[in-house]
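Colleague: Grabbed the feature section from TrEMBL, which reads as follows:
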- B:K207: active site, proton donor (ACT_SITE)
- B:A10, B:G11, B:L12, B:G13, B:T14, B:V15, B:G16, B:T17: NADP(+) binding site (BINDING)
- B:K107: NADPH binding site (BINDING)
- B:E192: L-homoserine binding site (BINDING)
- B:350-426: domain 'ACT' (DOMAIN)
Number of protein chains: 2
Amino acid sequence: MSQPLRLGIAGLGTVGTGVVKIVRQKAALLEARSGRPIAISAVSARTRAKDRGVSLDSYAWEDDPVALATRDDVDVFVELMGGSDGPAKAAVEAALKAGKDVVTANKALLAHHGQALAELAEASGSVLRFEAAVAGGIPVIKALTEGLAGNEIIRVMGVMNGTCNYILTRMEDGGLTYDEAFAEADALGYLEADPTLDVGGIDAGHKLSLLAAIAFGTQVSFSGVELEGIGEVTIDDIRQAADMGFRIKLLGVSRMTGRGLEQSMAPCLVPASSPLGQLSGGTNMVVIEGDQVGQIVMRGAGAGEGPTASAVMGDVMDVARGLRVSTFGQSASKLVPAVAAKATTPAPYYLRTQLADKPGALAKVAAALGEAGVSIHRMRQYDHIEDRAPVLIVTHKTTRAALDQALEAMQKLAVVVAAPVALRIEEV
Amino acid sequence: MSQPLRLGIAGLGTVGTGVVKIVRQKAALLEARSGRPIAISAVSARTRAKDRGVSLDSYAWEDDPVALATRDDVDVFVELMGGSDGPAKAAVEAALKAGKDVVTANKALLAHHGQALAELAEASGSVLRFEAAVAGGIPVIKALTEGLAGNEIIRVMGVMNGTCNYILTRMEDGGLTYDEAFAEADALGYLEADPTLDVGGIDAGHKLSLLAAIAFGTQVSFSGVELEGIGEVTIDDIRQAADMGFRIKLLGVSRMTGRGLEQSMAPCLVPASSPLGQLSGGTNMVVIEGDQVGQIVMRGAGAGEGPTASAVMGDVMDVARGLRVSTFGQSASKLVPAVAAKATTPAPYYLRTQLADKPGALAKVAAALGEAGVSIHRMRQYDHIEDRAPVLIVTHKTTRAALDQALEAMQKLAVVVAAPVALRIEEV
């Protein structure tokens, strides 16, 4: 019989418990598939006493995750604690330095320290894997790194925060305001302790930065992600977008341009009939476009015990089978620093503002757009409400720079009585 | 510098030429990602003289694919000739016996000889990979075998013949008859030389049998696939299905039941709002359901030079990186013979027939269904056309055996003047 692969699991929340359950309940299946038994040597968590619905008696206990990570009887350190720094980082570093392989679900850790950790893994001959960090159960890291390795990647897109998609879906389907939908998501326990991680786009931005590093061969650059949350999206935007055949999603988009790496995580309009537009509720979707393969769409649960544990176990099984791929798909030493480019790829935009009830108001706005080189595709002015007329504009393709110039000019107009909101229309 | 991985490519049609182009044009990218150069030592095809738009001068030429497969300067034999027997089989066998790794796009070969070839590969310590054989560019073999390896698979479904989906889409969108849509697909060159491979479900059935072997740990069993082509689907069926919120797809479904392995490739009704229902034209989709991950949907181009070459290169890159997984995800010796179970999982069905213009006709049909234990969910009788009234029935969930009994009884009724057509409604 082959040697068992011995896991040390740090963090026994929902996902950690899910992993323990799979290892216990599917031992025969896992061994048949990987060719060797998968065993757990030791575990670690903040509280030992808690009832997790699964027996931990046969595993050694470590209070200190660093001690766990470096145990002689641990081959793979499974990090499910979370947090970009602190114990998670210390333990992953310790594990890699000790030559252990590491499997983690920690997007924040990798978004902030991915390059350093990849270098550390490479220096030790360890593998560092993170399928569960991006889009939950969808095996997208594997698809991008391995399955599509013959492609030059053109664009990567994703709806990767189920909570935001839930809020936007509830606003659309249930006619709720943002605040109402937010409160509902909160009551259902969907929000992170710090909700700006979700609704500010930070969590999804972490994930996008990891995909971009693999796709474009750059060092992970979370600071290069242009972040915009969903807090400014109104129910009127959602309705107007729907009228025009679009839906609003918190969409991550990354592409490599002549001026550098574009990474943006922002509310965008996508065609209602596209796979991204049809996505509802908490489901995640990642779209990968390669020069050979065209468009690949992957859809599945982005969170939860089973889906996330499935992704962790996919990585564990790869290690058990002896698959060893560089963290971001190529040697860490070959990843180039990302030059952040603010979205320069021209796109159509959706603009919303309010005009004072004065003659020529609309003409002034149209002139401001025209002077910035932004041409108007569609424009609608609605009935005045208390001397203010809502105005919607869909532009033809324009650069963000030209748009920003137009927005600046618009804000200086006395007739523009509400700060204009601009959302990109992503062609998918 | 690492040793190059040396390919021998047999078959220089669309896909083979696509692979040659990628190897030539993306040398630096492939080397960065795999850590070693990817080279072509020799090629083989039926005709040497043909202009393929890419220079083959730097590669040795072999008229005989077996000779190519066993060359000393070939590490990986890339089989892109096609055909379940003949030269493709001989060459793949020769390559595996010689200890070469094999990458193939040949679904027919694997559907018919997958078990023997997997055993041969295992005996030689070779890997045999076939991502391009199923659903073109979608990295579904990898997702199922590796990414979801921690899951017990519940069900695998797929729309995996773009030509059939094109025909059905054109019937629906363009109002064409089956014959008209078939002729259009033919004129566009979408059909195989033997069109029953497409419209008879054989090609898609080959693919389903490969997915089922991986998903359920069984020996590939193409003979166990219940096959039903799309030739009996009428435009009326498509319209009626649409009226009821469904679309008709040539859908492969496989699941393991207490009575054995169910594999069916047949026209089915799926909810129009589901990802499968929303699929149009030549695009493929595979849906994998795991006990942990829930439902994973993958969508992409199912054919064509770029997508298929992308899948071939994904396999080549895995070999270059040293990833070695058993052909069907576990040791060939552990795959169990599949016990074919005719669809026993209860499902609702859509029935269409025509009744003679006689009193009590509908009651007799309802009675025949009731006696077989099939209960009716919805029933519609339409205006008579030349003494015949079209009748549509949607049943509640029933077994195929009960349904067959009902169909047999219906056919014996004098009032039933057209052989009833039954299509399963797959709940997705």
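The backbone N, Cα and C atoms fix where each Cβ goes, and this holds for glycine too.
Can you tell me where each of these features sits in the structure?
Modeller: Sequence-distant neighbours of B:K207 (active site, proton donor): residues of the same chain at least 6 apart with a C-beta under 8 Å from its C-beta are B:K107, B:A111, B:A133, B:V134, B:A135, B:G158, B:M160, B:G252.
B:T17 (NADP(+) binding site) falls within a helix when secondary structure is assigned with DSSP. Listed in sequence order, B:R52, B:G53, B:V54, B:E305 are the same-chain residues six or more apart from B:T17 (NADP(+) binding site) with CB atoms under 8 A from its CB.
Secondary structure from DSSP puts B:K107 (NADPH binding site) in a helix.
Remark: B:E192 (L-homoserine binding site) has B:T163, B:D198, B:D203 as non-local neighbours, by Cβ distance under 8 Å and separation of at least 6 in sequence.
For the domain 'ACT' (B:350-426), the model's pLDDT averages out at 92.
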Colleague: Just to confirm: which same-chain residues, 6+ apart in sequence, have a Cβ under 8 Å from the Cβ of B:G13 (NADP(+) binding site)?
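Modeller: Those within reach of B:G13 (NADP(+) binding site), by Cβ under 8 Å and sequence separation of 6 or more, are B:A45, B:L80.
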Colleague: Is B:A10 (NADP(+) binding site) helix, strand or coil when read with DSSP?
Modeller: strand
Colleague: Within 8 Å of the Cβ centre of B:A10, B:G11, B:L12, B:G13, B:T14, B:V15, B:G16, B:T17, which other residues of the chain have their Cβ, at the recorded NADP(+) site?
Modeller: B:I9, B:G18, B:V19, B:A45, B:L80, B:M81
Colleague: Which residue counts does DSSP yield for the domain 'ACT' (B:350-426) in the helix, strand and coil classes, in that order?
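Modeller: Output for the domain 'ACT' (B:350-426) reads 23 helix, 33 strand, 21 coil.
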Colleague: Could you find out if DSSP has B:K207 (active site, proton donor) as helix, strand or coil?
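Modeller: Its secondary structure by DSSP: helix.
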Colleague: Using a 10 Å cut-off, grab the number of neighbouring Cβ atoms around the Cβ of B:G16 (NADP(+) binding site), all chains included.
Modeller: 26
Colleague: Give me the count of other Cβ atoms within 10 A of the Cβ belonging to B:G11 (NADP(+) binding site).
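Modeller: A 10 Å sphere around the Cβ of B:G11 (NADP(+) binding site) contains 26 other Cβ atoms.
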